[in-house]
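Asker: Here's the feature list from TrEMBL:
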COILED    238-265  coiled coil
TRANSMEM  20-40  transmembrane segment
TRANSMEM  75-99  transmembrane segment
TRANSMEM  119-139  transmembrane segment
TRANSMEM  166-190  transmembrane segment
TRANSMEM  282-301  transmembrane segment
TRANSMEM  343-373  transmembrane segment
TRANSMEM  385-405  transmembrane segment
TRANSMEM  468-490  transmembrane segment
Amino acid sequence: ILVFCWVYVRKYQSRRESEVISTITAIFALAVALISSALLPVDIFLVSYMKNQNGTFKEWADANVSRQIEDTVLYGYYTLYSIILFCVFLWIPFVYFYYEEKEEDDGNTCSQVKTALKYTLGFITICAILLLIGAFVPLDIPNKKNSTEWEKVKLLFEEFGSSHGLTALSFSISSLTVIGMLAAITYTAYGMSALPLNLIKGTTSAAYERLENTEDIEEVEQHLLRIKSKCRDGRPLSSRDRRTVQQLEERLRTLRRRERHLESIEKSWWTKFCEAIRPLKIVWGVFFIIVALLFTVSLFLSNLDKALHSAGFDSGFIILGTNLTNPLNMLLPVLQTVFPLDYILITTIVMYFIFTSMAGIRNMGIWFFWIRLYKIRRGKTRPQALLFLCMILLLIVLHTSYMIYSLAPQYVMYGSQKYLVQVRCNTFFKQKYSYLLYEKYTVYILFAFLLDQCIVTRTYLFLHKFWFFSAAYYFGNWAFIAVFLIGLIVSCCKGKKSVIEGEVDEDDSDMSDDELSVYYR
């Protein structure tokens, strides 16, 4: 993971503006994101491995051993999620503002550190507020109407002590997950449509683009000569002609930069290698678009199931079981029969979300509403942009766990576990609690009953501690589907990408003529 992160960061990092601190921070944050994403398959595997296929626990998996395993996984989540909070609210903001101050003032390092800490203090304050809200938000309201205010406050502290900080951390992580949901809607949904179609369509020929670029250069040069010929007799150019000359000269410089890059790419061994594996790219593109459509259909059916059969908004649209099956829910039980195909599939899905997110950020750049802040370009990405990229990926990884849960809710909760009293349990609760099917806490009644029969994953505890976050994720899934379909239509209508797409633009502030050629020699 560290090797991949190092190669990825160095691949996109600007050679002129590289900084040791920002590079280490970006590599570390990206590694944390990838390691955190790998914890979900491990969590599912451990809860599944403790039981036999007939629903009984294995001999070694007694109550103490099971509790130790659950605690170990929980501590793993504690550690990684705490590191994520540290990166998002302290380390990445500090390095970002430190570098911003360094660009503006190359003088006193102590002054730069103080200014960076001053701005970072705002992020630390937000983190502290989220932890405090999560620590003392009441999950169990006293039933006694005549309870005093002191009893209510005492209950809050008792809940905080009994949860061992789980509620506080869960609230903070869930708040970041909502932001990650917005990032996934923006970047991952688009990347799932753009990545496969770009592989299928490929890029235009470097030789053809170079020929067109040469014609454009000749046309601009002729236009410049026509304008400058007006002042051969000593007359000065009008203000309009001077502005036109300035624009044409800037355009000519851009075209000549394109000429140098196209010439370098046309002669490179990498271009010849890419042309040789073009059929393989098409195969991968077709495979990725099938996977993307499979995910979208599964997500749609899962959300439709929640809309039709859940307990409603007040319960976070949680359902008691799967009423409308989806392709992924059908596929995972089949793969469970052959170890470890189901875990390989889950790991592949997680990695797919991460790499499509990277593709989406790379194609779109980093935006703040309608304002483009940074571009992600090979060999020319500024340190601030890399820090933003890693922070966005950290947030998307947090949301990935809920995306997987939406695709296969029962599998994410219990893995491949089976329990002995399935028929009797369902019949009992349908008879005794049928009148509660649409009440707010029905799901928690069933959940408590099955705790002795099956072990729930630690991921689920973090995902559904607060019902209002689950409701936000539900609506976010609909937005994700809509953005994916829009991105798919836009990607289909667009033509082939330029072989140097986005590498040579007139509005690039971090342009360097000698950086891109390093990758095409």
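Glycine residues also receive a Cβ, built from the backbone N, Cα and C atoms like all the rest.
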Asker: Can you work out the mean pLDDT of the predicted model over the coiled coil (238-265)?
Answerer: 82
Asker: Can we call the transmembrane segment (343-373) and the transmembrane segment (20-40) in contact, meaning three or more C-beta pairs below 8 angstroms at a sequence separation of 6+?
Answerer: yes
Asker: If you count Cβ pairs under 8 Å, which stretch among 75-99, 282-301, 468-490 touches the transmembrane segment (385-405) the most?
Answerer: 75-99
